[in-house]
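J.: One structure coming up, written as structure tokens, with questions to follow.
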Amino acid sequence: MTATKGLEGIVATTSSISSIIDGVLTYRGYNIDDLAEHSTFEEVVHLLWFGKLPNQEELSELHTRLEKNAAIPSAVVEQMKLYPSDANTMAVLRTAISALALYDEHANDTGHDANVNKAIALQAQLPTVVAAFARIRAGKEPVPPKAGHSIAYNFLYMLTGEEPSASAVSAMDKALVLHADHELNASTFAARVTVATLSDMYSGIVSAIGALKGPLHGGANEAVMMMLEEIADLDHVDDYIQSKLDNKEKIMGFGHRVYKNGDPRAKHLQKMSRELGEASDNLKLYDMSTRIEALVTGQKGLKPNVDFYSASVYTMLGIPRDLFTPIFAISRVSGWTAHILEQLDNNRIIRPRAEYTGPSNQLFIPIQAR
Ligand code: ACO
């Protein structure tokens, strides 16, 4: 038995949800470029869960079901008021989603239909949880979602209590489409491993949130913004990046386990970053980002991943940086739940082996003699 570090190149399951082949990302066979340009997040959610793009009637039905599930139990809101206001937002999300399970009488029903209902509830409730905590920690009351609007609209609306602009809703919707699923990424794998024991869907999502939190995965978008804030000025980019590269430090938002010639999602986010900068007549973050890209790609051959331009996009939408990774979760919960449904429709416990590298033939010495 020989281990492969980080399971690189190991094919651990079959899946018909999304694929990365020759650097092209598809959801159920649809190129991400087409979906990003032409589809809404709710259409993508339908595609991931039910295997097909919805017709108008199916889409309306999904909107209605999401809308009906968007509120969170008042007990969970009250609990969130007890969380430290400076708590890590991914830890808050992980805790609040775990708490939601306590108020769902079907939490432990792992049947397909019950799980579809839970997928809808989780998709609808994650944005409400994130926006509610953002307001609670600022001493404000949560704003309930508004009927008749998309998840992207409502997330922005619940954050501020104000009607978001059409361009902000469109940018947020596109970001949600781009983050929805990504083959067997670390958090999706974590979700599948958890539910494959026949644990419940909430446990799977809590596992996934924990995995996404790390800076080598979803946490990179926040780390990118911290870097941009630290650099602070276009004139400082070269020195800062050069010193990081010389010290062999990682530049957040670059590199990918699967894509070696660039992440197909990054170009959409780059375009959005430029457009938002132009619209606000402030291209500072965009210019800093493109300069960083030129240096890192030029010297290391590493290309930006989905997290790199997300940072400037979300900042230009007025979103605090510690909500970036929770936004990733708001989108990716669609993929996590699709993978959980797929795993459980043809389940086998996931239990790989380890190559043992410890000592052998140890002689046992009683504690008195050690
Ligand atoms: N900056 C500088 N060097 C890098 C970077 C980076 N961002 N990424 C990889 N490298 C270098 C490594 O140091 C390593 O060099 P070496 O062979 O000289 O030791 C080589 O490239 C291979 O990198 P690994 O870390 O072994 O690649 P792995 O496939 O294990 O990791 C990962 C992929 C985690 C994405 C990595 O590129 C990284 O840490 N990037 C920064 C964090 C990040 O942006 N994560 C988000 C990924 S996308 C997502 O999850 C949503």
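Every residue gets a Cβ built from N, Cα and C, even glycine.
What TrEMBL shows for this protein is this:
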ACT_SITE  H256  active site
ACT_SITE  D307  active site
J.: With H, G and I counted as helix, E and B as strand and the rest as coil, say where DSSP puts H256 (active site).
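T.: Looking at the DSSP assignment, H256 (active site) belongs to neither helix nor strand, so coil.
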J.: About how far apart, in whole Å, are the alpha carbons (Cα) of D307 (active site) and H256 (active site)?
T.: 11
J.: Taking 10 A as the limit, how many CB atoms besides its own sit near the CB of H256 (active site)?
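T.: H256 (active site): 18 neighbouring Cβ atoms within 10 Å.
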J.: Give me the count of other Cβ atoms within 10 A of the Cβ belonging to D307 (active site).
T.: 29
